[in-house]
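Peer 1: Feature annotation from TrEMBL assigns substrate binding site to SER65, ASN117, GLU162, ASN169, TYR193, TYR245, VAL263.
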Amino acid sequence: MTCQASNELEQLVLQARPYSSQGKLATYIPALEKANPSHLSVAIFHLDGTCTYAGDYKQRFSLQSISKVLSLAYVLARIGDEEVFQRVGMEPTGDPFNSIAKLETTKPSKPLNPMINAGALVVTSLIPGADLKEQWEDFLDFIRTLTGNPEIAYNKELQESEFSTSYLNRALCFFMKQHGIINGEVEKIMELYTKQCSIEMNCLELAQLGAVFANNGRNPVSGEQIIPVQIARICKTFMVTCGMYNASGEFAMKVGIPAKSGVSGGILGVIPNRCGIGVFSPALDEKGNSLAGWKLLEFMNEKYNFSIF
Ligand code: GLN
């Protein structure tokens, strides 16, 4: 793999960086407050195996909600779409990612989609395995295969910080357990979920993982089909309709690519049949999307014209 610094991207980073001062770090997970709000990094991984990067590209960050696309791909591949979509829907909500509101008003109370917390918790509850250890290790192996880095791991401090403060996510789980949408022990689901959210990587690894989706599930370097074509398609579709929380419509309008963001400030972008993009900048807008990261993608779209629409 050849990765190179790009002057052109560096210029765009320079243009977007000032926006980071308008955003705020997520603080509801205490350990996320330790991030440096002025960080901004980007990498593009092309399907010919080359990649370019700019900004603070070495900086590692946790996936948070970006992991929701990956757990979905994994569970769909392992247990099949019928079982998954019996328990989680396919529609955007227009609500914040951690909202409980629609669970009460939708009958049966299955979450509207797998990109919101309620839906992602259902997906995590479906990760197969004899016990928590096996569930976690097999899932982590999948992430390592996707990034091509066998050292990918989760940040324990961050995981413990979220696990010990996740009252709202526990509430979502208990609500859904009451309604028969999830089975199993809530504490175990929470452990697995907070571990998947705390998986760390840099923008290069995130871009490489995005390139697998861009390449219809096939690793562009090894040629290995890691995710079945149909599942890669389902994931990209959810990224367009629900990937940027309740700002997905505006993002589709302004940038126009499948994308998924996380409250750590990471954004995974996928340009079908072209490249994967990894962006990171931890200061967020009021809906929880990386402010400078979003701006950078807008500038990139103006320059490279990558909207799929
Ligand atoms: N771990 C976070 C949570 O469940 C992920 C949310 C996010 O990135 N939007 O609250």
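Cβ atoms are placed via backbone N, Cα and C, with glycine included.
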Peer 1: Near ligand 1, which of the binding-site residues ASN169, TYR193, TYR245, VAL263 are found, taking a Cβ distance under 6 A to any of its atoms?
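Peer 2: Only ASN169, VAL263 qualify.
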Peer 1: I want to check the contact list for VAL263 (substrate binding site): same chain, sequence separation of six or more, C-beta distance under 8 angstroms. What comes out?
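Peer 2: Those within reach of VAL263 (substrate binding site), by Cβ under 8 Å and sequence separation of 6 or more, are ALA26, ILE29, LEU32, GLN64, SER65, LEU284, GLY288.
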Peer 1: Among SER65, ASN117, GLU162, ASN169, TYR193, TYR245, VAL263, listed as contacts of substrate, what is the widest Cα spread in Å, to the nearest whole number?
Peer 2: 20
Peer 1: Within the chain of ASN169 (substrate binding site), which residues six or more apart in sequence place their C-beta under 8 angstroms from its C-beta?
Peer 2: ASN98, ASN117, LEU121, MET190, TYR193
Peer 1: Hey, what's the Cβ neighbour count for SER65 (substrate binding site) at 10 Å?
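Peer 2: Other Cβ atoms found within 10 Å: 24.
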Peer 1: Which residues does TYR245 (substrate binding site) neighbour through Cβ under 8 Å, counting only same-chain ones at least six apart?
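Peer 2: Spatial neighbours, sequence-distant, of TYR245 (substrate binding site): SER65, PRO96, PHE97, MET115, ILE116, SER261, LYS287, GLY288, ASN289.
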Peer 1: Under a three-state reading of DSSP, tell me whether VAL263 (substrate binding site) is helix, strand or coil.
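Peer 2: SS state of VAL263 (substrate binding site) = coil.
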